[in-house]
């Protein structure tokens with residue numbers, strides 16, 4: 001009969017084998033939550049090393065506390081140094097030497113037998129690390145080198161956490177300069193060679209790296225590299241060309257940083273002016289086959305006939321290498337055709353055109369693929385069902401045979417210096433009637449008043465005097481002789497609209513302004529109608545209505561000042577007003 005001693009919260013008791021079996025069954029039948037109560041009274045010798053069940057999660061450890069414990073002081077210090085703009089540098093220090101006793105080392109037989117000799121107790125080995133952050137130094141100790149780093153980082157964290165974070169200027173972008181120089185924290189990510197080239201590029205300085213000399217045995221070479229940046233020269237030495245080049249850049253970079261900062265300039269964005277479209281697209285034909293590729297058209301014809309598609313074959317190539325000529329053959333049923341071209345595509349197209357002609361289809365003329373520029377030719381435009389002829393002409397381009405006395409001719413006005421703005425139509429009879437010009441409907445009953453040469457000469461003289469001096473002695477004389485015409489103005493007239501009104505009162509014609517709303521350029525447009533002989537029409541553009549009137553009146557005054565001058569212009573046969 002075996003005996004086992006069990007201790008569970010109660011004094012120890014002796015149990016027999018049958019009692020042990022029944023006790024185990026009762027313990028297994030208890031719920032799982034009762035286990036912590038039985039294990040709560042463990043011996044005190046295990047209190048320092050708690051035993052955790054791997055199958056059950058620990059109730060004392062939460063995910064937050066576990067994540068916090070996983071972050072080491074070195075990681076926290078690196079994150080803090082990035083915010084402060086500092087770089088931590090770890091430097092290992094030699095560990096402490098062991099303190100061993102020299103007793104009984106040089107004696108053969110000591111005072112004590114060797115079997116009873118115990119060495120002097122030796123302290124554990126300690127590692128030491130020196131941490132430097134922004135000019136401050138911290139020492140850390142530990143059983144391992146990593147533990148020493150953690151100790152030094154923890155000391156640095158307690159000191160650096162109290163420092164305020166540097167303020168970053170608002171609106172500053174990465175890479176932007178402050179006082180002509182880039183911030184040091186951005187230069188930390190750049191090599192010294194890159195910084196040298198960047199400074200030289202901004203100051204227009206040439207950079208040249210060259211290996212000055214080599215020394216040492218083949219397995220231990222030493223290189224000296226010289227760098228010249230404008231007037232600055234530096235040398236660097238290293239075991240390889242790369243290291244010596246970097247050291248040379250470091251040497252010359254110290255001198256380049258002493259240069260005064262560059263002045264900052266604000267770049268003005270260039271104003272992009274939209275080009276006016278001077279391209280007229282030719283109207284396409286209503287026939288869809290006119291602009292179709294002959295190759296595609298031939299293929300569609302065969303598909304519509306439900307016949308076999310055309311077969312193309314390259315027969316030969318001839319000519320010089322730079323002046324090749326290809327011969328392509330196309331076969332449709334029993335018909336064959338050939339086409340030549342400078343490349344295979346052109347030859348294939350010509351072969352398809354020839355095949356279309358053989359099959360009896362009309363081959364359209366080649367249409368220009370790109371829009372054509374405006375042509376300078378002035379060709380007459382005829383409208384079906386209308387007996388009028390519209391002819392464009394320019395001043396000075398007289399036609400001896402063009403003096404026709406037909407009553408069904410009507411000549412459109414020529415725009416001498418610029419085109420009419422958007423919203424203004426040329427002075428055809430319908431528009432002239434709408435704006436109030438004394439002009440009948442475009443029928444064959446034209447009633448044109450013959451101009452008076454003497455009155456035109458006087459009008460031109462007054463217009464010239466007003467344009468050049470603002471006053472007109474001729475007009476003053478006319479007003480003095482004719483009391484009913486009006487009073488003489490006191491002082492010169494400065495505005496062209498006032499000068500034109502004064503001239504109209506003296507000569508007895510009317511001036512009428514038509515104002516239009518603002519256009520897409522936020523400008524006003526005014527149309528002026530002068531009932532002189534011949535009638536004159538002009539327009540003005542400006543930021544306000546007064547400037548529009550002045551511009552239009554100035555154009556009319558210039559036309560009136562040229563009435564008495566001989567003109568080579570073609571005689572006018574219609575009664576349409578002149579436009580400028």
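Cβ atoms here come from the backbone N, Cα and C positions, even for glycine.
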>> Of the residue ranges 158-189, 190-221, 222-253, which one carries the region 'Disordered' annotation in Swiss-Prot?
In response: 158-189
>> If you look at how Swiss-Prot annotates this chain, which of 329-366, 367-404, 405-442, 443-480 comes out as region 'Disordered'?
In response: 367-404
>> Which range is it, out of 34-59, 60-85, that shows up in Swiss-Prot as region 'Disordered'?
In response: 34-59
> In the domain 'DRBM 2' (191-258), how many residues does DSSP call helix, how many strand, and how many coil?
Replying inline: 27 helix, 24 strand, 17 coil
